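Remarks on the structure that follows.
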Amino acid sequence: MAIPIVLEIVFPPSLVLVAASVLSLISLAILGVLETKEIHLKYSKFFNASSSSSSISFKVPSRVGMFLIYTPAFLVGVASFWLFPDGDFRFLLLKSAITIHFFKRILEVIFIHKYSGEMSLDTIIIILVSYFFVSLSLIYTQTFNQGRSEPSIDLKYLGIVLFLIGISGNFYHHCILSQLRTKGDKEYKIPKGGLFELVICPHYLFEILGFLGISLISQTLYSFSTTLGIAVYLMCRGYVTRKWYMSKFEDFPKEVKAVIPYVF
């Protein structure tokens, strides 16, 4: 029963794309599970978690690290307009959404976020390669569907709406986070305002919504599996983030969830 429904909302995938979809989901989910086992990607408040400083071979300022992380994925989006100038409207929307997503991230790194720590080189490489591959693979797998019949259920316009909600909500809550610190302040505080009253990581929630929007624009099995993998990772990271706040702040409100209001 489920398979016919799936085939109505995604382009029929080849065996290679099915395998790539499964691999993408599993690899991202593993990173999430590792977070819950206290094996963290070393940035932000988890820079020193489960690791002695001597085990971190090379460090860079967080702003530099984040800029390096997002730039290759953004350049993939920009290059896609030159590499794949032809294509249908769905393909144009997908290339635009991916490029806008990572361009927004770069602007936030430069103008919005206030960083106080460092990042390890291994973490930079892992996240950089992950985002680069996500950007590249989402665009490249869409080329297989050019000229093919559209799915029976067209979800790309709903995808546009969700994508815009996602990047707007993510940006808004990043702005709230940036206002928690004054210049030179390195202390963490319990965020207030917006959906921070309900969850400690609303920026993760909107990140997931943004990628869900990209999936609905693309409507491929690969895009949905990648978004599911990203959701698993961010929910796991949100879970350990909530635990961190609860351990650091005695007045942390217990009713505040991790990522999904009232649920998780």
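Just so you know, glycine gets a Cβ as well, placed from its N, Cα and C.
Lifted from TrEMBL, the feature list:
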type     : residues : note
TRANSMEM : 15-34    : transmembrane segment
TRANSMEM : 64-83    : transmembrane segment
TRANSMEM : 119-140  : transmembrane segment
DOMAIN   : 130-264  : domain '3-oxo-5-alpha-steroid 4-dehydrogenase C-terminal'
TRANSMEM : 155-173  : transmembrane segment
TRANSMEM : 194-214  : transmembrane segment
TRANSMEM : 220-240  : transmembrane segment
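Broken down with DSSP, the domain '3-oxo-5-alpha-steroid 4-dehydrogenase C-terminal' (130-264) shows 88 helix, 2 strand, 45 coil.
Using a Cβ-Cβ cut-off under 8 Å and counting only residues 6 or more beyond its ends in the same chain, the transmembrane segment (220-240) has close neighbours at 6, 10-11, 13, 17-18, 20-22, 24-29, 31-33, 35-36, 38, 40, 46, 134, 137-138, 141-142, 145, 199-201, 204, 207-208, 211-212, 214, 258-260, 264. On the 0 to 100 pLDDT scale, the domain '3-oxo-5-alpha-steroid 4-dehydrogenase C-terminal' (130-264) averages 95 in the predicted structure. Highest Cβ contact count with the transmembrane segment (119-140) among the listed stretches 15-34, 64-83, 155-173, 194-214 falls to 64-83 (criterion: pairs under 8 Å).
Within its own chain, the transmembrane segment (155-173) is flanked in space by residues 9, 89-90, 93, 97, 100-101, 104, 108, 112, 194-196, 202-203, 205-219, which lie at least six positions past its ends and keep a Cβ under 8 Å from the stretch.
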